[in-house]
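Noted in Swiss-Prot for the protein shown:
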- 1-13: topological domain 'Extracellular' (TOPO_DOM)
- Asn7: N-linked glycosylation site (CARBOHYD)
- 14-34: transmembrane segment (TRANSMEM)
- 35-60: topological domain 'Cytoplasmic' (TOPO_DOM)
- 61-81: transmembrane segment (TRANSMEM)
- 82-90: topological domain 'Extracellular' (TOPO_DOM)
- 91-111: transmembrane segment (TRANSMEM)
- 112-134: topological domain 'Cytoplasmic' (TOPO_DOM)
- 135-155: transmembrane segment (TRANSMEM)
- 156-205: topological domain 'Extracellular' (TOPO_DOM)
- Asn167: N-linked glycosylation site (CARBOHYD)
- Asn186: N-linked glycosylation site (CARBOHYD)
- Asn195: N-linked glycosylation site (CARBOHYD)
- 206-226: transmembrane segment (TRANSMEM)
- 227-253: topological domain 'Cytoplasmic' (TOPO_DOM)
- 254-274: transmembrane segment (TRANSMEM)
- 275-281: topological domain 'Extracellular' (TOPO_DOM)
- 282-302: transmembrane segment (TRANSMEM)
- 303-333: topological domain 'Cytoplasmic' (TOPO_DOM)
Amino acid sequence: MFSQKINYSHLFTFSITLYVEIVTGILGHGFIALVNIMDWVKRRRISSVDQILTALALTRFIYVLSMLICILLFMLCPHLPRRSEMLSAMGIFWVVNSHFSIWLTTCLGVFYFLKIANFSNSFFLYLKWRVKKVILIIILASLIFLTLHILSLGIYDQFSIAAYVGNMSYSLTDLTQFSSTFLFSNSSNVFLITNSSHVFLPINSLFMLIPFTVSLVAFLMLIFSLWKHHKKMQVNAKQPRDVSTMAHIKALQTVFSFLLLYAIYLLFLIIGILNLGLMEKIVILIFDHISGAVFPISHSFVLILGNSKLRQASLSVLPCLRCQSKDMDTMGL
């Protein structure tokens, strides 16, 4: 249980950092979705990779926007967290949103692997020719894990909320502390309330590790494919930096960035849930929450830099902003 009051300097630092992350996430994911949708309207068709990127950007845009809405709700209605229905509804919403965010990113890695990797295996070629169906099957199969996750969370929520209601002395004297703990613990919003959270950790970690493992396998297979391709180029005495090699490298950069950010996210999720004694130090708590929000927000800029169309669109926006700034300076605004 938490027993100390929040230091206002820590709370101020936490709030400023989180607001910057939220604004950055809204701009980043909103930009990806806007560029792809405008291109879709212009060309009247959209590629498979752009479909995945757009769905991923919209999912994370909603996630980041919901964080801002929840902050405003808790500021305007500080007694809102006492309602068990609100706890359950927000928990389910963030689980669903986080689920599709992670699995769509996994689908992106699998898509790059099947499109770029070169293997003569008949099963791989079968999947390569049916990459759209493979992605659809992955999404549909992930719904099974989503259902199990929601059911597990629902069962656990009943015990956690009951424990919270039965121990009103825990946070009724300091609702601000409960609000921040509840609000920014990602899809595990009630784990920091009771000391029994370590019981639920293996179940929650399982749902998190499944897409991570799939992405890791795709990443390793891409490395193996690049190694084979590089050896083939050496035998044929061709330039190592051919089109296929560059495609491998770009795909590896995209998948690796996801794995790195996701590994950091999982690390701090485990720290936040498992080491409850450590989390009594408010500095560690703040750092844990901020680190958890970095993953879905910072990944948008990795996607922009890794996609030629998005990168060119971002470069075209920057000169416009500079020109607008110069015009405003000229007008004395």
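The first residue you see is number 1, and the count goes up from there.
Every residue, even glycine, has its Cβ placed from backbone N, Cα and C.
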Number of helical, extended and coil residues in the topological domain 'Cytoplasmic' (112-134), per DSSP:
17 helix, 0 strand, 6 coil
If we skip the immediate neighbours and take only residues 6+ beyond the ends of the topological domain 'Cytoplasmic' (35-60), which ones have a Cβ under 8 Å from one of its Cβ atoms?
25, 29, 97, 100-101, 104-105, 107-108, 111-112, 131-132, 135, 296-297, 299-300, 303, 307, 309-310, 313
Other parts of the chain folded back onto the topological domain 'Cytoplasmic' (112-134), taken as Cβ under 8 Å at six or more residues beyond its ends:
48-49, 218-219, 221-222, 225, 228-229, 244, 247-248, 251, 254-255
When the pLDDT values for the topological domain 'Extracellular' (82-90) are averaged, what is the result?
66
